[in-house]
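For reference, the structure discussed in these notes is given below.
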Amino acid sequence: MESMTPISCPTTPRWNQDRPFLTGRFHQETRASSKFADSKRFTLDSSSSGVEQAIGCYDTPVQELIVIDDLLSALVGIEGRYISIKRFHGKEDSIAFQVDPSMDLALQELAKRIFPLCEYYLLIDQFVESSSQFKNGLVNHAFAAALRALLLDYQAMVAQLEHQFRLGRLSIQGLWFYCQPMMGSMRALAAVIQQASTKQFVGSGVLNLLQSQAKAMAGDNSVRSLLEKMTECASNAYLSILERWVYEGIIDDPYGEFFIAENRSLKKESLSQDSTAKYWSQRYSLKDTIPGFLANIAATILTTGKYLNVMRECGHNVQVPISERSKLTIFGSNHHYLECIKAAHEFASIELVNLIKDKYDLVGRLRSIKHYLLLDQGDFLVHFMDIAREELNKKVHEISVEKLQSLLDLALRTTAAAADPRHEDLTCCVDRASLLTTLGMHKDTDSNSIEDPMSITGLETFSLSYKVQWPLSIVISKKALSKYQLIFRFLFHCKHVERQLCGAWQIHQGIRSMNSKGTAILRSSLLCRSMLKFISSLLHYLTFEVLEPNWHVMHDRLQSTRSVDEVIQHHDFFLDKCLRGCLLLLPDVLKKMEKLKSVCLQYAAATQWLISSSIDINSQSHPQKTMIRDTTVTESIFNFEREFNSELQSLGPVLSKGSQAEPYLTHLSQWILGVSKE
């Protein structure tokens, strides 16, 4: 059963229900409340000597005249002298006509053939009255109006038959003859009405019921045509709502009958705060019951109005031009209404895409995000990491985000990024968990990989964010930005590891003049070079094998898109592919990479001590102490080398195994294996 959305609607006046003379119920109720209440005696003339006579007391020709007179009344729902209405309480709309059992059997049989038509009329008439109340919705109002027009024709036919009867030209066989053509149509309408009343159908439910009944009557052209006419009349009000939606983007639905629901609690501002991007998918949504003739195009109708609404909220009040609008009708040649809806959808799609691309420069905004969050232009980041080193080395709970923001602004203003007017939309943030922990909220990861929160520094949790205004937030939503941030955090930490190893390499280069052949310094230098080659290979893979190619694919696709949904689809596909290509959706590979980076950082931090110890060893004159200390330094370097090579070699099989399902890992595997063979 379809229920209407609880929307305030006008109340039917009490006097319209309490006064039967306004509805015609007095014809049916006055006699039922008097002498026909319990047991009824049939009389011919109430002014006779008080003796009530049954119809069987009269001759057959007289009985026929009396029966015809009563049948003409029964055809419009009024009891006669010898024909009464029996109502069965407990069964909704259950009524039956009865005759005086003393009536001639032939006349009884003919009368009973006409009784169904009388019952159908009563049922339809009651439905017309009840459905005309405000609460039943526009579709029921329109359906009731069409039925009322049909009943007027029916009543005109009864009036003509009565005229013939008064002229003495109508027999009971003639009455049956004239009633037969209406029997099938009234039966079909009564069946529809009974089902609609029982299940309390409104809106789409009524239209679907009418259409299904029309299809079921395919063998009876006249009945099918009538039901199709009723469907067309009932759908006019519904199509008026549809027209405003696809042509103006407005839901003018006072009784909640339309198949598109609006969630007013969701605001456009939520796109920059809600990580699930509910606004675009749930602000307007499809209800369960959709008219059958619109089922295949319901999604198109939904997006058409959504596009027009987005433009309206941008202050760009665009409507489908009057010259391009056509009256939507269900029945017609070649389903003209489908062509109208598709034309309106194409217009709204192109207008919104052009608005976002041209006025709001979507591609330029995406390119700006690529510069900063995907490190396409990293000069500002180098400067920032230099001036923010002290703050980033603090524990997470000790970091001042305000200070980091000031340092970020300084780095942006003093580098090439200052020429970009969008750099002011860049902000910094510090997460409370490591990258593995953050990803663990979405993916199953080993609990051993989750680090102690107290040991995490800003270097593992620092990230950038980007202010995105409406309507670009439809495409670059909070959910999309969170994906950018995951990629940025991984790249940022890789850059940090590379900088630390470069510092260690510079220390080694500073002592090249020393004779280090066969010493721990030489071994340390080779290890540093291998580590630097590893992290450089990883960054090269991330940048040139993953981010750049996927960016160009997305950029090319955006040039030919014709709807915002396609734009969102291409952008989300780009981000998901980058996340997977950057190993962030592959826990086994990512944990190996994090372990290797951790070893590199530990080695880089120990380099100063290792080098200074090696220099001191060469300058000392006590052989025994020199040997012990040299052994300690050499053993430390061996431990770093052994751990690094072990992790690197174990990464190879993981990448080879993963490359069967993820072919792009083959490129990374080639780089990594190249490092391990050196």
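Backbone N, Cα and C atoms are what each Cβ position is placed from, and that goes for glycine too.
Taken from Swiss-Prot, the feature region 'Triggers nucleus envelope localization' applies to 63-116 (among others). Residues in the region 'Triggers nucleus envelope localization' (63-116) partition by DSSP class (helix H, G, I; strand E, B; coil) as 24 helix, 10 strand, 20 coil.
If you look up Swiss-Prot, you'll see 118-180 (among others) marked as region 'Triggers nucleus envelope localization'.
Beyond its flanks by at least six residues, the region 'Triggers nucleus envelope localization' (290-318) meets 204, 207-208, 211-212, 235, 238, 242, 245-246, 248-251, 259-260, 268, 280, 283-284, 330, 337-338, 341-342, 344-345, 348-349, 351-352, 355, 359, 470-471, 474, 563-565 of its own chain at Cβ-Cβ distances under 8 Å. Under the heading region 'Triggers nucleus envelope localization', Swiss-Prot lists 290-318 (among others).
According to DSSP, the secondary structure content of the region 'Triggers nucleus envelope localization' (472-548) in residues is 65 helix, 0 strand, 12 coil. Residues annotated as region 'Triggers nucleus envelope localization' in Swiss-Prot: 472-548 (among others).
Swiss-Prot lists 587-622 (among others) with the feature region 'Triggers nucleus envelope localization'.
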Average model confidence [pLDDT] within the region 'Triggers nucleus envelope localization' (118-180): 89
The region 'Triggers nucleus envelope localization' (118-180) - residue tally per DSSP class, helix then strand then coil: 56 helix, 0 strand, 7 coil
